[in-house]
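Chemist: Take this structure, written in structure tokens, and hold onto it; I'll ask about it next.
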């Protein structure tokens with residue numbers, strides 16, 4: 001029997017994961033972050049976009065899904081992440097594509113938090129139901145299934161296939177990392193399992209889907225042009241997030257992440273793994289630029305995506321980079337009040 005839509009955990013108030021900062025940690029990370037942003041040197045220089053028309057369309061679409069997103073909720077905060085991503089990373093894409101990416105990001109973000117929200121049992125069987133044509137048991141998963149099907153309207157069939165595979169991997173990895181045995185591998189890594197950290201990160205980072213989001217079929221009909229850079233784009237999207245999330249995750253005591261797992265498998269401390277991941281991000285950026293050099297609108301679209309993605313982290317208060325001296329305070333759309 002299908003579950004009756006109710007006020008789910010993901011629509012409950014979102015509270016900060018930690019109240020205070022860590023001045024000592026911030027001081028230690030500040031030189032690395034400053035150097036990282038300088039060396040990354042993404043061009044063209046980012047210009048902020050805040051489209052009221054897009055906000056209107058995103059809220060309209062979100063309402064149509066039936067997924068709760070009250071203002072003072074985790075769901076609404078996730079929706080604003082989606083809005084910001086679409087508007088700032090895809091600034092001159094068709095509004096239909098922007099709305100699609102915003103809603104996808106919203107729903108995927110909630111699904112990615114499945115363990116904390118107590119919905120792992122629903123999420124881990126999503127793919128089975130999707131492949132067998134069975135209806136999903138909750139309003140959230142029904143909305144995400146519908147969103148995945150919409151991919152084929154906006155992207156080349158082969159690109160849509162890749163986006164779908166990446167999306168299903170996200171849900172599988174979300175369920176995998178909730179398992180006790182998988183969590184223990186981060187604390188007690190097996191010798192020789194060094195690539196396990198990336199194996200999980202590649203899947204839960206959903207970077208391939210976001211790489212291809214850059215190239216909808218109407219504006220970018222030739223998938224052959226960017227495909228050589230997709231692996232580096234996938235890694236860039238994951239690595240940059242890992243580097244710029246490290247401070248806020250450290251404050252929250254979160255150690256089950258790519259940087260800490262890499263450190264455990266490599267036998268180094270987390271600072272060393274952070275430095276390496278920062279350099280890997282820069283190396284990915286340079287290779288992508290080399291592949292797309294002279295490729296016209298394809299090059300422009302990626303450069304704007306990368307620049308907007310970086311600034312989304314710097315500008316959104318959820319990453320707390322203002323405490324490290326390289327970020328901004330929360331904007332009005334993302335402030336979640338305590339109650």
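Cβ from N, Cα, C; glycine included.
Here Swiss-Prot flags 1-17 as compositional bias 'Polar residues'. Feature annotation from Swiss-Prot assigns region 'Disordered' to 1-21. The Mg(2+) 1 binding site feature in Swiss-Prot is assigned to 112; the stated evidence is similarity to another entry. The motif 'NDXXSXXXE magnesium-binding motif' annotation in Swiss-Prot covers 241-249 and is backed by a curator's inference. Marked as Mg(2+) 2 binding site by Swiss-Prot on the basis of similarity to another entry: 241, 245, 249.
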Chemist: Show which residues of the chain containing the residue listed as 'Mg(2+) 1 binding site', separated from it by at least 6 in sequence, have their CB under 8 Å from its CB.
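Modeler: Residues satisfying the criterion: 170, 174, 204.
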Chemist: With Cβ-Cβ distance below 8 Å and at least 6 positions apart along the chain, what are the contacts of residue 241 (Mg(2+) 2 binding site)? List them in sequence order.
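Modeler: Correct list: 205, 313.
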Chemist: Near residue 245 (Mg(2+) 2 binding site), how many other Cβ atoms are within 10 Å of its Cβ?
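Modeler: There are 20 such Cβ atoms around residue 245 (Mg(2+) 2 binding site).
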Chemist: CB neighbours of residue 249 (Mg(2+) 2 binding site) within 10 A?
Modeler: 18
Chemist: List, in sequence order, the residues of the same chain other than 241, 245, 249 whose Cβ lies within 8 Å of the centroid of the Cβ atoms of the recorded Mg(2+) 2 site.
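Modeler: Close Cβ neighbours, site residues excluded: 242, 243, 244, 246, 248, 257, 319.
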Chemist: Using DSSP, how many residues in the motif 'NDXXSXXXE magnesium-binding motif' (241-249) fall into helix, strand and coil?
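Modeler: Helix (H, G, I), strand (E, B), coil: 9 helix, 0 strand, 0 coil.
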Chemist: Please report the DSSP secondary structure of residue 112 (Mg(2+) 1 binding site), reduced to three states.
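Modeler: Once the DSSP labels are grouped into three classes, residue 112 (Mg(2+) 1 binding site) ends up as helix.
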